[in-house]
Every structure is written in C-alpha cells, then in structure tokens.
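What Swiss-Prot records for 15-54 is DNA-binding region, and it gives sequence analysis as the kind of evidence. The NAD(+) binding site annotation in Swiss-Prot covers Gly89, Cys90, Gly91, Asn92, Leu93, Gly94 and rests on sequence analysis.
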Amino acid sequence: MEKKMPKATAKRLPVYLRYLKMLGDSGVKRIKSREFSEMIQIPSATIRRDFSHVGELGRSGYGYDVPYLIEVFSNILNTQEEKRIALIGCGNLGKALLKNNFRRNENLNIVCAFDNDSALVGTTINGLLVHDMSELEAFVRQEGVTVAISTVPSHHAQKAIDKIVQAGVTAILNFAPDRVSVPANVSVQYIDLTTELQTLIYFNETFSLANSPKQ
C-alpha cells in the first residue's frame, strides 16, 4: 500500500475479514461486491473504495476471490501474531472483558490484569490473578504486552494511561470517553457508549420522522 489508508477504511477491515472468514468456513470461494454489501450492510461503493486502498483485489464481472481476500486482510491486520494484552481496571466492565477474553479471536489474548482496589487485588477472574498497578511495568516486560485496555473511569483515566505509557505500551483501548494526553508515538482508541447510543437514537428518530405518514 503506497498511500496511507484512511482511518475509516482501516476501522472497517476487521469487519470485512470477519465476514470473509464466515464465507470461507461456508465453502464460498467467490463473491461480488453487491452480494458482500448486502451481507455486511455496507454500500458496495464503499467496499470497492476501501479495497482500492489495499490493491487490485477483484476483477470486473468476476468479483472477489474469498480465500485470497482472507489472506490479504489477515496479513494487513497481522492476525497470525499473538497480541498480548494488559487489562487495567477490574470493575464490572473489566470482569466482563476478562471472562470473554476475545474467544472469537485466537490472536488477541488478555494475559494480565491490574487494579488499585485492595479488595480486587489478589482475586482471580477467569483464571487471571489481579495485580496491583505498581506491578504493571514489570509485567509488561515479563509477558511481552504490546496492547492495553483501560476501563478506568474518566476522572482517574489520565493517571492510569500515564502508567500504561510509562510501562512502554503504545497501543491503548480506552473505555473512558474523555480524551487523554499521550506522547505522539502512542495510539489511543476510545470506546464511548453514550455517544454511540445518542447517535443511534438520532438516526432512528430521524428515520422515523422521514417515513411517518404525512398529515
């Protein structure tokens, strides 16, 4: 890929790969963009544009070779390499993530968990011992951690993120919606459930108004 891939395109790649693997598991060898569009509910023009950032992946009238696309997107997303993850914050959300631990993605693995609550430190969740935050840096080195997930509330998020960065982790998924300050070499992805819900409600109500009977 010679030109930089747009962020919106990059965010859709895991979706494409997930559905391509489903097609592959079902024995499908070839699919056209229109059929793929109907399956994943993304406009076919968007799919073709996204794929063009990767390379010449299909032929007009033929469609896309499913096994080949799986190989291409797997290589781009580096799914063959295990990503060892540290979870910071073992409250209700943290516990849910530990219990799930990305069962559908073999290369994503939470290998250590941390909290500063003495009531949680020393307990075991889904086979993982919860450690004190003071041990984070040592475990990052010991376990080869490259990614961190923070479920720490907004008012404590910056302090938690600072410790994650200090430990040497440069990829962070943050469940606190407020933006945090990080060095230029650190990537932070935010999960803001309130914003997602408000956006959903807006589009639902807008669609309902547009399709309501005229008085």
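Yeah, the Cβs are placed from backbone N, Cα and C, and that goes for glycine too.
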Site of maximum Cβ density within 10 Å, from binding-site residues Cys90, Leu93: Cys90
Residue distribution over DSSP helix, strand and coil in the DNA-binding region (15-54): 28 helix, 2 strand, 10 coil
Binding-site residues listed as Gly89, Gly91, Gly94, least Cβ neighbours within 10 Å: Gly91
Segment-level pLDDT (mean, integer) for the DNA-binding region (15-54): 93
NAD(+) site shell beyond Gly89, Cys90, Gly91, Asn92, Leu93, Gly94, criterion: Cβ within 8 Å of Cβ centroid: Lys95, Ala96, Leu97, Asp115, Thr151
Sequence-distant neighbours of Asn92 (NAD(+) binding site) in its chain (C-beta under 8 A, six or more apart): none
